Amino acid sequence: MSDPDADALLALARLARQHAFAPYSGFAVGAVVATRDGRRFSGCNVENAAYGLCHCAERTALFAAIAAGCKPGDFAALAVIADTAEPVSPCGACRQVLAELCDAAMPVILGNLRGERRSTTAGALLPDAFRLKSATSR
């Protein structure tokens, strides 16, 4: 992924971050997923007093894309941004969802509000990801 493309995705993720609902932690996160056909879906984290019901920005963006008709494998890249010392990295739950919905080679751009960024792939974030087919004998 070229630097201008990564910059554009991080800029959209930064805008999505403004919509975060994080009254408990104050930790606002934004994400955007790009599809192979050029569409963009934004997401932000949404907290709940029952913390187990919270949704991260990455999953919100991916689930919005699925709700709009995208299928696993339709995704070209994902960017995520937060106000962190180092570029923010997805939590374990988001990594599992990325592993299930995205190709292992899909670029994932990690950023922070200071303009730092790091690129990785969906597969590198969760090597040996759990797959239903590996848990069944069928």
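Positions of Cβ are set from backbone N, Cα and C atoms, glycine also.
Note: TrEMBL annotation is automatic and uncurated.
As the structure is a computational prediction, the values presented were derived from the model and not from experiment.
Site annotation for Zn(2+) in TrEMBL covers Cys91, Cys94, and the matching candidate from Cys44, Cys54, Cys56 is Cys56. Each residue contributes its Cα atom, and for Cys94 (Zn(2+) binding site) and Glu47 (substrate binding site) those atoms are 15 Å apart.
The sparsest Cβ neighbourhood within 10 Å, among the listed binding-site residues (Val46, Ala50, Cys56, Cys91), is found at Ala50. Every protein chain considered, the tally of other Cβ atoms within 10 Å of the Cβ of Tyr51 (substrate binding site) stands at 9. If you take the C-beta of Asn48 (substrate binding site) and look for same-chain residues 6 or more apart in sequence within under 8 angstroms, you find Cys54.
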